[in-house]
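Note sheet for the following structure.
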Amino acid sequence: MLRVFIFFVFLGSGLAGRIKPQITCKYFISENNTWYKYNVTILNGTIVLPAYNMIPTKAAGISCTCHDIDYLQKNNISIHYNTSILKTFQDIRIIRCGMKNISEIAGGFGKELKFLDLRYNNLQFIDYNILRKLIRSNTPTYLYYNNLMCGKRNCPLYYFLLKQEQTYLKLLPQFFLRRISFSNNNTYLYHFLSCGNKPGHEFLEYQTKYCRTKFPEINITVNQLITKKNTERYKNCYPFVLVSILCSCISFLFLIICLLRSICKKYSCTKQGKSTHKYIPLIPSYTFSLKKHRHPETAVVEDHTTTANSPIVYIPTTEEKKASCSRRK
């Protein structure tokens, strides 16, 4: 009986070793800031993500989470997806799905992408073009608990991390893998390195020098990325800048015209007030004719005798004017 029992124990353990653990995955679709649960199709170890006929037309985000999958990739899982659908999402979360290559979903990164969570997968390299897209869009990205390796293909990532470290990189010590994180406001990028005995900062400097020495053609990738990002950002503002400059020029010209008009008006009034012309006050019993004469003393007395009932036009002398002024005082 003991031998039979031992035989069945070994047989059961052998069968258990051959049976793959049950993989349970679920994904959620975000619509109107609410996450709705859907079923995930798994065919021959392949996650069909998402189920095309069950996604709302106004979906804004997708989240896929798998369980019973070792994030160090003992399970060989691949992902199939619909790129045209993923491009419409602002929020993409594929967690613990055993993804080996980010290019499997990078084709679905559209301009609307505002958040990316790829934790607990088996990513080994971050492709340069994908990193460039994430940097330009300033997309908050979670990459920790992956298996990112050393080598030429990750050199742009080292440059990027080292450049960020100058201002806001925080190093967290780990016993096994070096965890390197940087944070900038709401943007986070966590990176696990599976090689090197040095602390995170020293390793980044060492690896960056290695990349610069062995692969000088990648030496300015991050600077180029940031420059292109700023250039593209400012290109969108060019029409507004031109309109602002034009409006400023018109306003400045209008102010100059108003200022010149006020100066001219003030100058002409001042000149008129300082004039040496002597105007004769009107006396009710007389009418003076000043036609074609600037000075009343030289005015010619007009003859109105030919006209009936015409008043006599008389030019008073200087003494009479003085006497008239004294009487008025």
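Each residue, glycine too, has its Cβ placed from N, Cα and C.
Features as listed in Swiss-Prot:
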- Asn32: N-linked glycosylation site (CARBOHYD)
- Asn39: N-linked glycosylation site (CARBOHYD)
- Asn44: N-linked glycosylation site (CARBOHYD)
- Asn76: N-linked glycosylation site (CARBOHYD)
- Asn82: N-linked glycosylation site (CARBOHYD)
- Asn101: N-linked glycosylation site (CARBOHYD)
- 112-133: repeat 'LRR' (REPEAT)
- Asn185: N-linked glycosylation site (CARBOHYD)
- Cys195-Cys237: disulfide bond (DISULFID)
- Asn219: N-linked glycosylation site (CARBOHYD)
- 261-329: topological domain 'Cytoplasmic' (TOPO_DOM)
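Around Asn101 (N-linked glycosylation site), the C-beta neighbours below 8 angstroms that are at least 6 residues distant in the chain are Leu123, Gln124, Phe125. Secondary structure counts, DSSP: the repeat 'LRR' (112-133) has 6 helix, 3 strand, 13 coil.
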